[in-house]
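Undergrad: Can you keep this structure in mind? I'll have questions shortly.
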Amino acid sequence: MNADREHQCDVLVIGSGAAGLSLALQVAQYGKVIVLSKGPRSEGATFYAQGGIAAVFDESDSIESHVQDTLIAGAGICDEQTVRFIAEHAKECVQWLIDGGVPFDKEEDSDNDHPRYHLTREGGHSHRRILHAADATGMAMQTSLQDNAHNHPNITVLERHNALDLITEDKIGGDANKVVGAYVWNRNAEHVETIRAKFVVLATGGASKVYQYTSNPDVSSGDGIAMAWRAGCRVANLEFNQFHPTCLYHPEARNFLLTEALRGEGAYLRRPDGSRFMPDFDERAELAPRDIVARAIDFEMKRLGADCMYLDISHKPADFIEKHFPTIYSRLMDLGIDMTKEPIPIVPAAHYTCGGVMVNPQGQTDLKQLYAIGEVSYTGLHGANRMASNSLLECVVYAWSASQDIIAQLPNASMPESLPAWDESQVTCSDEEVVLQHNWHELRLFMWDYMGIVRTNKRLERAMRRIQLLQQETHEYYSNFRVSNNLLEMRNLLQVAELMVRCAMQRKESRGLHYTLDYPDQLAESGPTILVPEK
């Protein structure tokens, strides 16, 4: 094999957000790590996370309270053992971030020897327990983790490298249930490379790009879920896609999120005529969980035929708004919206994939040597609805847990033998990229219409028929033409879209983020929706 097309490492981490970099930094003391980043390192979802990270730092708060709030938000199908595991390890994992240089906001009267962090409150939380860095927590975390990874001699970050597929050991005459590496598309050189590794970690994020309106960056195309499924891993709860209630409605600002902390600090949701509507839907009003708020906004928009609703914090002092929400204030001013004086136009947008690849408390999947952490995984934490600021927490707790498991096994793990090169001998360069673009837009539009905030059996059946048609076209395309970024993402999004719809079809009730007009009630007993790939 061409030497520059084959790499090897102790641990291959696919994804460079909070989960991937946190794990890489912890295992790099014990072995060589390669981290793959689809685009520039700051392009993932972590960078755009505004709100914060939940952990019990206040004496009036308790781990039990964090557990109970999470279980309530998850609408009865969280895994309580997982919820407890994460809540109990939250403080030490957040402290690891602080020790690594993440500049969480402190109280004004705090001193360096005994820092007191400014804690905010968001929907579903009964106490103030959200640590944050102004309104750009994800950016602060990502920047700190990136700098630490960049300076670590045992970590190599390969930017603009997309994983195509996992390689199982049966490719070299071994165990089909053991992962030994991955085929990777080098977007700079435009060729496929092979990376073999003792352990592979999926930290690829979610799949919200499957929807027309999303708060996520362009890289959120479900790659890890699709690759794990093709390799033989079970997935769960993919019917539960969280729609963030408040994404800015503006032609020049696609996917700009307006953090939940705005409502936590007193912002109201209003109709175009200025009247509030959340008290009509839930006694918690604007502080109700996201699924309830998103559905209320969707209902009011459809009822009134309105393009958007409005988020209004202008009744708060201007200096309070500018201090607590500097990023949002600045961005809105650039767009001609002064949030200290006028309401902000908003719509719901696909935001977070609550289901994913099934893992145990150490992040292990069904395949040996393969781990999944962060949004790509299904741990049981989120149940039918994710509570605000639990996602960054899940990233760092599972990064820690998986890293400990990998570190314990590294001394006895052997490097896989040389792997077969990617075969491009039967394919040609594409002359029909326009076909992919057309299929791409079609998929995102019908997923929004048929698999969106409100569903029916008929809508799900229509979505599945169209997915199968597009899968057939994309399979032919994949068989005949060389790899491209659009082709890889289209193939993966179609796979994940199919799994989402299959999960939704299996759930004969409305629960949390899954709301269907054909089964509007919640069953007395329920559990996760689990899909098993055919061997």
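Positions of Cβ are set from backbone N, Cα and C atoms, glycine also.
So Swiss-Prot says this about it:
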ACT_SITE  ARG290  active site, proton donor/acceptor
BINDING   16-19, LYS38, 45-52, ASP223, GLU375, 391-392  FAD binding site
SITE      GLU122  site 'Important in orienting the L-aspartate substrate'
Undergrad: Fill in the CA-CA distance, ALA49 (FAD binding site) to ARG290 (active site, proton donor/acceptor), as an integer in Å.
TA: 16
Undergrad: If you count the C-beta atoms lying within 10 Å of each candidate's C-beta, which of the binding-site residues SER16, THR46, SER391 ends up with the smallest number?
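TA: Result for the binding-site residues SER16, THR46, SER391: minimum number of other Cβ atoms within 10 Å at SER391.
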Undergrad: Does anything in the same chain, at least 6 positions from GLU122 (site 'Important in orienting the L-aspartate substrate'), have a Cβ under 8 Å from its Cβ, and if so what?
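TA: When sequence neighbours closer than 6 are ignored, GLU122 (site 'Important in orienting the L-aspartate substrate') has GLY51, GLY52, ILE130, GLU260, ALA261, ARG263, GLY264, ALA388, SER389 within Cβ distance under 8 Å.
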Undergrad: Give me the non-local Cβ neighbours of ARG290 (active site, proton donor/acceptor): same chain, 6+ apart in sequence, Cβ-Cβ under 8 Å, ordered along the sequence.
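TA: Those within reach of ARG290 (active site, proton donor/acceptor), by Cβ under 8 Å and sequence separation of 6 or more, are GLY123, GLY124, GLN242, PHE243, HIS244, PRO245, GLU260, HIS351, ASN385, ARG386, ALA388.
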Undergrad: Near ALA19 (FAD binding site), which residues of its chain come within a Cβ-Cβ distance under 8 Å, counting only those 6 or more away in sequence?
TA: ALA203, ILE373, GLY374, GLU375, CYS395, VAL396, TYR398, ALA399
